[in-house]
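Below: one structure, written as structure tokens.
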């Protein structure tokens, strides 16, 4: 039984050990026969010698195999056009756990990643004896396009180091986490409508603008900085001398609309506000003016979204922040539902209490006892 257990452990150990290709360049190294697997210990000794006078940068490619080095693009050119021209270089067909071998001999280890633009997310400093592990962000593209973009990124990053550097291109360990990043997107669709922008200070989007149910056409937007906490916006319309004017005021981390005027009517806009890092969003915003002779005017925005960051670090054409919706968390429908549920609970509680108050009779007719006789006498 003991020797069977030892054989099983050896088989499991051989299965767990990862044997992947490694491409090394930037330093002289000993070539190995292509049919021979370089053990982890042997490869670690070779890397330890390199770390004495080199910095080692390891680019870890997810799922790298020998077939990837035969990759070609749509123009029948190699996906590794940049790596083909480096020297000196050595290709190892099979190396046992190359990443672990580097980790075991590197006293100083750093980790970094390459973003979608092909640049390091954190600037790296050149230091002899340091092992830098670089991963790639996953992108929704073909394997050929991914390898080709990684090849260009590796070539660009290799030129940034001024000290002696040995580079490794190897497979990422199967247990290594996959780097994923969320791309910021607009929280509301900005297609099929009208967008007005003023540098990096203010932008507004809507699909329709109505005054008492009649459409309004905006021809231009002008913005004036009244102060560091107040913007004055003028939206010229197709009707002469009838612009839409309003102020955007910053207070306590929020921006809000005030003094909205159109056609000499002042509309109530006290509820139009949001944090500066968010965008105010409303599917159907209808503003009303003060009633005159029991009549009032309405100004409606369909699919409205606007934002005033009050932050100079924003770029022009900045994307809208997360949506700050005009509909409150507790809507009338939710309130009605809660009221109905509470009413049903009260009815159920009262009914259960009544059922618990039902008492049985404390006296019963005994069939073995004396018969109860009731004489019915006529009076």
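Yeah, the Cβs are placed from backbone N, Cα and C, and that goes for glycine too.
Of the candidate ranges 313-333, 334-354, Swiss-Prot annotates residues 334-354 with the feature transmembrane segment. The list of residues near the transmembrane segment (334-354) in space but at least 6 beyond its ends in sequence, with Cβ under 8 angstroms from a Cβ of it, is empty. Between the alpha carbons (Cα) of residue 326 (disulfide bond) and residue 225 (N-linked glycosylation site) lies a span of roughly 26 Å. Looking at residue 282 (disulfide bond) and residue 225 (N-linked glycosylation site), their Cα atoms lie 25 Å from each other. Cβ-based crowding with a 10 Å cutoff singles out 282 as the top-ranked of the disulfide-bonded residues 282, 326. Note: the CA-CA distance between residue 225 (N-linked glycosylation site) and residue 284 (N-linked glycosylation site) rounds to 28 Å. When secondary structure is read from DSSP and collapsed to three states, residue 284 (N-linked glycosylation site) falls in the strand class.
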